[in-house]
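Record features, source TrEMBL:
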ACT_SITE  Cys278  active site, nucleophile
BINDING   Cys152, Ala153, Ala154, Pro155, Gly156, Gly157, Lys158, Glu175, Asp206, Asp224  S-adenosyl-L-methionine binding site
DOMAIN    57-347  domain 'SAM-dependent MTase RsmB/NOP-type'
Amino acid sequence: EKKGTDPSAGSVGSGFKLENKTKGKLQKQTCQVVLDHFEKQYSTELGDAWSSVREVLTYPLCWQHAVLLNKFSHTADLEDTLCAQGYHPAFRGTLPYLPRSLKCYVSRTPRRFPSQKHQAGKLKEYYLLNAASVLPVLALEVKDGEDVLDLCAAPGGKSVAILQCASPGELHCNEYDELRSRWLKQTMESFIPRPLFNLITVSILDGRQIGELKPEFYDKVLVDAPCSNDKSWLFSSDIQQATLRLLQRKELSVLQFQLLRSAIKALRPGGSLVYSTCTLSKAENSDVINLVLNSCTNVIPVDISEIAQAVSQQFTFHSDTQQHELLVLPEKGRAWGPMYIAKLKKV
């Protein structure tokens, strides 16, 4: 689940009956300031698609969670339970890259599989996340033995997904924010067996400097950048904070560009990077990628349209994107995203 969103946020104390839990969720109020801002921007950028997207974004009861199985600890019983409850695999064999060890289950209807508590020394069997969060990892195509950098890694879902796909030579998970870095460490402890820890480095560095610190060191880099988190911003309870966020929104694209520049420096020639956000905002998505392509002569775009074709049953994509980018639009029954993904290769 993406930056700053707790998958269990919005649920009420466990002492309540389920009906109260649902009622509590229903009372979650959309923040009018943010909605007005999005309305103006996204009706222009997304055109006709915006009204159905808005319907999903403003109605948390139709949001969905996917269940990413942990290959290091899950049992066959878990898959049987999921299938019995109407879950099915999110990704099928037509994808250009789909390791057999990656298992992610989704359900057509919005339902919430119970989350597992963190217990020291005990591995969790699964991770709950937005199914669209797995797409950047599939686009990255990590192979065994490759050195991989997850530049903005907290809370750790994408790092966990990378480790379901392959055994990297090294997986460097970085998170600049100290609080979020603790969350990332806890995620790794919950999902990754002790012996594998020597493959993993967790650091608290400014992502903008990693390119200088580790030039041409990695085969693959994931930049899951800090962004305007459309889903959580819409439910800001603090109007002042929401207004401030909207004012500072322009600065995010500057940070995103700097993080990408750093990621490119950290890549070996021939290596590739995937950039992702959980916003619909063009300024933070294709505008940032276009700026990178226009100003960095050592990167070229990589066609990822095959991914969209392979998962078109499960996800809705914005039609107005280029071949090196995808934008997942949330829709009823397929309430995944927002998720923007772009892939570049260093030459």
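Any Cβ shown, glycine's included, is placed from N, Cα and C.
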Legend entry - Cys278 (active site, nucleophile) versus Cys152 (S-adenosyl-L-methionine binding site) - Cα distance in angstrom: 13
Inset, instruction - Measuring Cα to Cα, tell me the gap between Gly156 (S-adenosyl-L-methionine binding site) and Cys278 (active site, nucleophile) in whole angstrom. - result: 15
Inset, instruction - In whole Å, could you give the widest CA to CA gap in the S-adenosyl-L-methionine site formed by Cys152, Ala153, Ala154, Pro155, Gly156, Gly157, Lys158, Glu175, Asp206, Asp224? - result: 20
Legend entry - Asp206 (S-adenosyl-L-methionine binding site): tally of other CB atoms within 10 A of its CB: 12
Legend entry - Cβ-Cβ neighbours of Gly156 (S-adenosyl-L-methionine binding site) (radius 10 Å): 27
Inset, instruction - Fill in the CA-CA distance, Lys158 (S-adenosyl-L-methionine binding site) to Cys278 (active site, nucleophile), as an integer in Å. - result: 13
Legend entry - Pairwise CA distance, Asp206 (S-adenosyl-L-methionine binding site) versus Cys278 (active site, nucleophile), rounded so that it is a whole Å: 21
Legend entry - Rounded to the nearest Å - Cα separation of Ala154 (S-adenosyl-L-methionine binding site) and Cys278 (active site, nucleophile): 14
Legend entry - Other C-beta atoms that fall within 10 angstroms of the C-beta of Ala154 (S-adenosyl-L-methionine binding site): 27
Legend entry - Cβ packing number for Cys152 (S-adenosyl-L-methionine binding site), 10 Å threshold: 25
